[in-house]
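A.B. asks: Found this in Swiss-Prot, in case it helps:
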COILED    27-156  coiled coil
COMPBIAS  156-176  compositional bias 'Basic and acidic residues'
COMPBIAS  495-505  compositional bias 'Basic and acidic residues'
COMPBIAS  514-524  compositional bias 'Basic and acidic residues'
MOD_RES   Ser162  phosphoserine
MOD_RES   Ser459  phosphoserine
MOD_RES   Ser520  phosphoserine
MOD_RES   Ser523  phosphoserine
REGION    156-201  region 'Disordered'
REGION    493-541  region 'Disordered'
REPEAT    211-244  repeat 'TPR 1'
REPEAT    253-286  repeat 'TPR 2'
REPEAT    295-328  repeat 'TPR 3'
Amino acid sequence: MYDNMSTMVYIKEEKLENVTQDEIISKTKQVIQGLEALKNEHNSILQSLLETLKCLKKDDESNLVEEKSSMIRKSLEMLELGLSEAQVMMALSNHLNAVESEKQNVRAQVRRLCQENQWLRDELANTQQKLQKSEQSVAQLEEEKKHLEFMNQLKKYDDDISPSEDKDSDSSKEPLDDLFPNDEDEPGQGIQHSDSSAAAARQGYEIPARLRTLHNLVIQYASQGRYEVAVPSCKQALEDLEKTSGHDHPDVATMLNILALVYRDQNKYKDAANLLNDALAIREKTLGRDHPAVAATLNNLAVLYGKRGKYKEAEPLCKRALEIREKVLGKDHPDVAKQLNNLALLCQNQGKYEEVEYYYQRALGIYQTKLGPDRTPNVAKTKNNLASCYLKQGKFKQAETLYKEILTRAHEAEFGSVDDENKPIWMHAEEREECKGKQKDGSAFGEYGGWYKACKVDSPTVTTTLKNLGALYRRQGKFEAAETLEEAAMRSRKQGLDNVHKQRVAEVLNDPESMEKRRSRESLNMDVVKYESGPDGGEEA
């Protein structure tokens, strides 16, 4: 019997385990309904018994009714208990459903957070990579900045090249053995080139025409940014020359110079310097240590060292180039003056201002002696450089004197001799300083005294001189005079830019082929071997 009962209980438990939660809820609701019905029925019976009990006297029958009433009350209590338990089960079920729903929501939120976490990890990894690349770029840009600062000092002009100087330039006259031509565009340039070329010819080497042609092609490709054509062309020509003439041949050295030019344009200064060192060794071996081509290579090598900030290493190379040019051309040759300018700026970058002053003064003496009047561009540029050197040393009076000389010569070249009615702009500026606040008619100084006409002089050297002298006036507290010169410099620069733009537009419209050739020459001229700082060879105060 007990075995049968245990088996029945086990079967019932197994059945309960197989019942789903929804079925349990449904059956519980049915049980609640049944219990409610029983409760109502028992209440009715109890009321009936109580009414009956009131009508009966105390006897056996009334005792029986009381006993039945007591049983009904117990049944009602059990029904109440069953209803309470059923309601608790329903509440528990609702709570479990809510918990399950919350659980699903939490799981969904966890999945979303996991996805967001993965996305943030990916973003962090990408950001770290970008940061690393940015740091590398910053380091590279710092190096490039140093190079560009020095290149700015090497350039004869910036992109605002004077139209009159553009007109005088002639790339066909540039000596090919100078990787970066260091001769400035000026009258008499052809004579200087012929002197240099003649000196080279007397010492037994002349650059073949085919290499000159290749050089011009490479310059054209480089100006167009087509290095993928220029570099293989140079390397192939170099390989052919080494096969036919051997490595130690002047033509090979020339080809190395041309390839170094391309590397220089790509900012590969170290590779370009290696090529120039090789070219220098070949030229010293084949042409002799005192050949003009050796001087040119030394000069170009000094420039590349300078672009890398190695001024100390560049200085002896520049000095040796100066010695060779003095020996070959004479100590008073204009090319020697140019080399002195280069050497002066190298010393300036090292803070050797006494040597800078000496080199600039000597170069100025050569220019004034050999190039004639005091109005040549080289004289003005060298005076500007010397004035900048004076500023560095605190010799403000000497600098002011030179700046005034430059402006006076420029004014005379444009408007004739100076007199009471025809004064250079610095005189008008000082008059304005003396008379500030005293104009009787209240007219703007832009129309006063005719000083604004000096703005027609659009030489970059004059523009820089105006800025520097204006800064010097400010240092002296002459603010009205400074504003006069600064306004003139601004007008001069704007007029120069407008003229250059008009000329280039006209060239493109009239002769595109000529324009392309001019660009090729311009790319050469913009990288002249000289260490003058600023767009026109003078460092602004």
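Placement of Cβ uses the backbone N, Cα and C atoms for every residue, glycine included.
Surface or core, plus neighbours and distances: that's what I need for these features.
C.D. replies: There are 21 other CB atoms within 10 A of the CB of Ser459 (phosphoserine), with all protein chains counted.
The DSSP breakdown of the repeat 'TPR 3' (295-328), given as helix, strand and coil counts, is 31 helix, 0 strand, 3 coil.
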A.B. asks: By DSSP assignment, list the helix, strand and coil residue numbers for the repeat 'TPR 1' (211-244), in that order.
C.D. replies: 31 helix, 0 strand, 3 coil
